[in-house]
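Trainee: Structure provided below as structure tokens; questions to follow.
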Amino acid sequence: MSNVTVIGAQWGDEGKGKIVDWLASRADIVVRFQGGHNAGHTLVVGSQTYKLSLLPSGLVRGKMGVIGNGVVVDPEALLAEIDRVSAQGLEVSPRTLRIAENVPLILPVHGAIDRAREAARGDRKIGTTGRGIGPAYEDKVARRAIRLCDLAEPETLDWKLDELLLHHNTLLAGLGAETFTKDALLAHLTALAPRVLPYMDTVWDLLDDARRAGRRILFEGAQAVMLDVDHGTYPFVTSSNTIAANAATGSGVGPGSVGFVLGIAKAYSTRVGEGPFPSELHDDMGRTLGERGHEFGTVTGRPRRCGWFDAMLVRRAVRVGGVNGLALTKLDVLDGLPEIRVCVGYELDGQEIRSFPSSPAAQARVKPIYETMEGWTDTTYGARSWADLPAQAIKYVRRIEELVEAPVTLLSTSPERDDTILMRDPFEN
């Protein structure tokens with residue numbers, strides 16, 4: 001028996017929600033270990049549709065949810081999400097949800113700075129959601145963050161807000177934005193504290209007890225490897241480490257507890273917002289993929305950019321993310337296409353290169369090298385066994401395995417939870 005860590009292997013929106021939901025039914029605890037409420041996913045359980053941004057997916061399956069220290073939490077957004085899913089009949093209480101006492105908090109000032117800086121960038125925007133995630137992580141690294149445990153100590157909160165506002169109000173004033181008062185932030189946090197503090201726990205200890213008891217832990221990543229602050233397409237990335245190694249750091253367990261690493265990838269590529277995208281399609285095919293795949297962001301509602309599967313980037317994600325196997329999603333979106341292309345390499349200034357460059361200037365000049373494969377006419381939609389797949393679809397999956405140097409462990413053939421082909425059980429050693 002093994003733990004499982006789920007991460008995105010592209011730029012996010014790969015269908016992690018469905019896969020995590022499928023795995024959560026077999027886990028005992030589901031842990032969020034990085035990110036904030038800037039990414040979301042939709043889960044369909046019976047007649048109910050849940051849209052989650054902060055809450056661990058396992059809650060919809062009656063499993064304990066844990067928010068680790070690597071997450072940044074907007075307490076107001078958290079409580080709003082709890083209220084929303086509770087109104088749908090889902091139990092979210094201190095019995096079912098625990099939050100690390102040392103988790104950094106997102107305050108209204110963080111969102112204000114996020115939006116003011118993005119506006120000041122003009123046409124050089126990063127593509128932030130404006131929800132304060134980046135500034136909250138900056139405060140954590142700069143050692144001025146307000147953490148969940150601080151809400152229990154008003155005297156600590158008082159002087160920490162002084163230190164925080166000394167920095168942030170200077171920035172806001174320089175950007176021509178409205179500044180904040182300590183009294184306003186103190187009142188904001190004091191009002192939220194009684195509802196949030198009951199969820200506080202020593203999460204590293206809780207998870208260690210679970211490990212010793214042999215309980216199955218599912219670590220749920222947000223965003224994806226190519227949005228990792230170190231290994232992604234910097235600076236068009238998120239503000240945290242999204243690779244599997246951070247499941248340990250972001251929850252307080254040892255690295256050996258990460259277990260089987262399952263990378264999620266679509267059978268094609270998408271990206272939201274700004275940043276390089278070598279295999280992006282600007283033609284009718286790109287629009288076709290977007291329409292068939294219903295490619296709109298769960299949180300932002302922004303249409304996603306679409307393109308062919310980029311095997312080079314996914315192979316990089318496999319290597320730096322420590323991926324043991326892939327879950328390939330949305331294969332059915334490719335049904336009926338006469339031919340399918342896969343990016344198998346890059347060209348930079350007339351020379352073939354082995355990997356995607358780190359320099360933004362070089363990234364902008366990269367051109368994809370494609371391999372063309374025959375499509376299939378029969379549908380893969382709803383297939384639940386390998387034998388149900390068209391021969392060309394099987395060839396496509398096998399070719400992806402060869403190119404990314406990782407086996408396809410799970411195959412998703414529709415948004416429905418049970419339309420999943422299992423080749424290997426990630427929870428079994």
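Note that Cβ sites are derived from N, Cα and C of the backbone, with glycine treated the same way.
Note that the structure is a prediction, hence the values are computed from the model and not measured.
Swiss-Prot lists these features:
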type	residues	note
ACT_SITE	Asp13	active site, proton acceptor
ACT_SITE	His41	active site, proton donor
BINDING	12-18, 40-42, Arg304, 330-332, 412-414	GTP binding site
BINDING	Asp13, Glu14, Gly15, Lys16, Asn38, Ala39, Gly40, His41, Thr129, Arg143, Gln223, Thr238, Arg302	IMP binding site
BINDING	Asp13, Gly40	Mg(2+) binding site
BINDING	Thr298, Val299, Thr300, Gly301, Arg302, Pro303, Arg304	substrate binding site
Trainee: Could you tell me the C-alpha distance between Gly12 (GTP binding site) and Arg302 (IMP binding site) in angstrom, no decimals?
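Mentor: The separation of the Cα atoms works out to 13 Å.
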Trainee: Nearest of the recorded positions to Lys18 (GTP binding site) by CA-CA distance, picking from Asn38, His41, Arg302?
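Mentor: Looking at Cα distances from Lys18 (GTP binding site), the smallest one goes to His41.
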Trainee: Of the recorded positions listed here (Asn38, Gly40, His41, Thr129, Arg304), which is spatially closest to Gly15 (GTP binding site) when Cα positions are compared?
Mentor: His41
Trainee: Give the helix, strand or coil assignment DSSP yields for Leu331 (GTP binding site).
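Mentor: Reduced to three states, the DSSP call for Leu331 (GTP binding site) is helix.
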Trainee: Distance between Thr413 (GTP binding site) and Asp13 (active site, proton acceptor) at the Cα atoms, whole Å?
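Mentor: Cα-Cα, rounded: 16 Å.
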Trainee: Ten-angstrom check, please: count other Cβ atoms within 10 Å of the Cβ of Leu331 (GTP binding site), all chains counted.
Mentor: 24
Trainee: How many Å lie between the Cα of Arg302 (IMP binding site) and the Cα of Leu331 (GTP binding site)?
Mentor: 22
Trainee: Say we define neighbours as other CB atoms within 10 Å of the CB. Which of the binding-site residues Thr42, Gln223 has the fewest?
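Mentor: Ranked by other Cβ atoms within 10 Å, the binding-site residues Thr42, Gln223 bottom out at Thr42.
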Trainee: Just counting, how many other CB atoms are there within 10 A of the CB of the residue listed as 'active site, proton donor'?
Mentor: 23
Trainee: Among Gly12, Gly15, Gly40, Pro303, all listed as binding-site residues, which has the most CB atoms within 10 Å of its CB?
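Mentor: For the binding-site residues Gly12, Gly15, Gly40, Pro303, the Cβ with the most other Cβ atoms within 10 Å is Gly12.
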Trainee: Find, for the listed binding-site residues Lys18, Arg302, the residue with the lowest Cβ contact count at a 10 Å cut-off, counting only other Cβ atoms.
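Mentor: Minimum Cβ neighbour count within 10 Å, taken over the binding-site residues Lys18, Arg302, occurs at Arg302.
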Trainee: In Å, how large is the greatest distance between any two Cα atoms among Asp13, Glu14, Gly15, Lys16, Asn38, Ala39, Gly40, His41, Thr129, Arg143, Gln223, Thr238, Arg302, the listed binders of IMP?
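Mentor: That value is 35 Å for the farthest Cα pair.
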Trainee: Give the distance between the Cα atoms of His41 (active site, proton donor) and Asp13 (active site, proton acceptor), rounded to the nearest whole Å.
Mentor: 8
Trainee: Reduced to three states, what secondary structure does DSSP give Lys18 (GTP binding site)?
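Mentor: Lys18 (GTP binding site) sits in a helix per DSSP.
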Trainee: Compare the C-alpha of Gln223 (IMP binding site) with the C-alpha of each of the recorded positions Asp13, Thr42, Pro303, Arg304, Leu331, and give the closest one.
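Mentor: When the Cα distances are compared, Asp13 comes out closest.
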